[in-house]
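Working notes, structure below.
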Amino acid sequence: MHLAVVGLSHRTAPVEVRERLSIPEHHLETSLQSLRSHEQVLETSILSTCNRLEIYSLLRHPEDGVEAIRDFLANHSGLADPDLQPHLFALHHEEAIQHLLRVSAGLDSLVLGEGQILSQVKKMYRLGQDHKSIGPILNRLLNQAVSTGKRVRSETNLGSGAVSISSAAVELAQLKVGQEQGVDDLVSLSQEKVAVVGAGRMARLLLQHLQSKGARSITVVNRTVAKAEVLAKDFPDLVITCCGLDQLDAQLASNTLLFTSTGADEPIIDRQRLDAITRQARLMLVDIGVPRNISSDAADVSGTLSYDVDDLQEVVERNVAARQQLAQQAEVLLDEDRQAFLDWWDGLEAVPTINRMRQQFEEIRKQELLKALSRMGSDFSQREKQVVEALTKGLINKILHGPTTALRAPQPRQQRLDSMAAAQRLFDLPGDDADRDRSDAK
């Protein structure tokens, strides 16, 4: 068995590549089933966000398993090898474990310490359980990742403050508006006519940050107007107007700052649409959707400034230095949790020996109990038989508790192997070829 992660992120691929590999939630079940159907993939889970697509898997064989996942990504994206493979990374065993813990803690995010990624890791975990694509190994690892993400945020200040893709998008708008005014700093958005396209989680975060940065009147554009109206009720201090996507052209014409965050598979704003609209003022577009909601040719339209998630790096670099020390504190916690998982993983090597030991003792218990009860004849009531059976089971558990704990305990691998061999000799346990297979896979 071999643990690996294969994927890409904002660190390895531009948004035009990432959007080709993005997997919508309603397609995740099919994708998980497709991966699990491959003979090399024993367990698998998918993390798909605006900044990364990563597949965590337990594989029969490292090279063949990784190749199977690369083939899946190529087929899913429709990209030719020269356009895809340079952007993919593959990490194995300890590096894969460390990477997932860093991702869950927000240490690998574009916005260092952002909190939304932990929710996305939780969703990956839940979907893996719901669709039965994960087994005991990934179940334990994903559980550890969620715990680590929570621990980092509770034991350090890395997650404090407004750190998310949405907050960075609002800060980018502040920065660009300030630069228009000759100010190299974040300015209030109180003079901007603002619209937000979308009414999901990201749109909610956008409204929160826009409100804190001075915006007071905002239009929410959404395919379902009722959903936009529900969102608007949560912001009583904002003047929010809601409308459908059929009013998008009017909003492009009347607003000066427009954010997009929808789940659309194709751009909803492009040059052709913008060229057909008459505007009297500059229009700034900030797209945090992946796949992108705004076509790259929108920036070619006169009087239009267009930014996507890759442009958020400018804001990130302004804030990263102040958070690096907090990140170093978090790395210490990650090392502890990584070692805890590795200790558990290494302890699995002793499981076959422990199981055979328990099976052998259970057979002896049953045989001796049967002899004793047969000698007692009908003198024992059913209740008394149950008490004696519980007694013998309790004795076996007590006797085996020490050896079981010793075999599972964190220790050098050779020491564990010596202990397993000693248990086999002492209790005359049968051998198991699977033990050697597991040892070879380590």
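A Cβ is built for glycine as well, from the same backbone N, Cα and C atoms used for every other residue.
Note that the structure is a prediction, hence the values are computed from the model and not measured.
Swiss-Prot annotations:
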type	residues	note
BINDING	T49, C50, N51, R52, S109, E114, G115, Q116, Q120	substrate binding site
ACT_SITE	C50	active site, nucleophile
SITE	H99	site 'Important for activity'
BINDING	G198, A199, G200, R201, M202, A203	NADP(+) binding site
REGION	420-442	region 'Disordered'
COMPBIAS	433-442	compositional bias 'Basic and acidic residues'
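Sequence features, as recorded in Swiss-Prot, placed on the structure.
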| residue | record | CB count, 10 Å |
| --- | --- | --- |
| T49 | substrate binding site | 22 |
| C50 | active site, nucleophile | 23 |
| N51 | substrate binding site | 24 |
| H99 | site 'Important for activity' | 20 |
| S109 | substrate binding site | 23 |
| Q120 | substrate binding site | 17 |
| G200 | NADP(+) binding site | 14 |
| R201 | NADP(+) binding site | 13 |
| M202 | NADP(+) binding site | 23 |
| A203 | NADP(+) binding site | 24 |
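Annotation note: A199 (NADP(+) binding site) sits in a coil segment as assigned by DSSP. The Cβ of G198 (NADP(+) binding site) lies under 8 Å from the Cβ of V221, N222, T260, S261, T262, G263, G289, N293, each of which sits 6+ residues away along the same chain. Note: the NADP(+) site is recorded as G198, A199, G200, R201, M202, A203; in the same chain, V196, R204, L205, L206, L231, S261, T262 also have Cβ atoms within 8 Å of that site's Cβ centroid. Residue annotation for substrate gives T49, C50, N51, R52, S109, E114, G115, Q116, Q120. The furthest Cα pair among them is separated by 15 Å. Least packed by the Cβ count within 10 Å, out of the binding-site residues G115, A199, is G115. Recorded residues T49 (substrate binding site) and R201 (NADP(+) binding site) have their alpha carbons 13 Å apart, per Cα-Cα distance. Within 8 Å of the centroid defined by the CB atoms of T49, C50, N51, R52, S109, E114, G115, Q116, Q120, the record's substrate site, lie the Cβ atoms of G106, L110, V111, I117, S164, I165, excluding the listed residues themselves. Each residue contributes its Cα atom, and for M202 (NADP(+) binding site) and N51 (substrate binding site) these two points are 14 Å apart. Across the fold, the C-alpha of H99 (site 'Important for activity') and the C-alpha of S109 (substrate binding site) stand 11 Å from each other.
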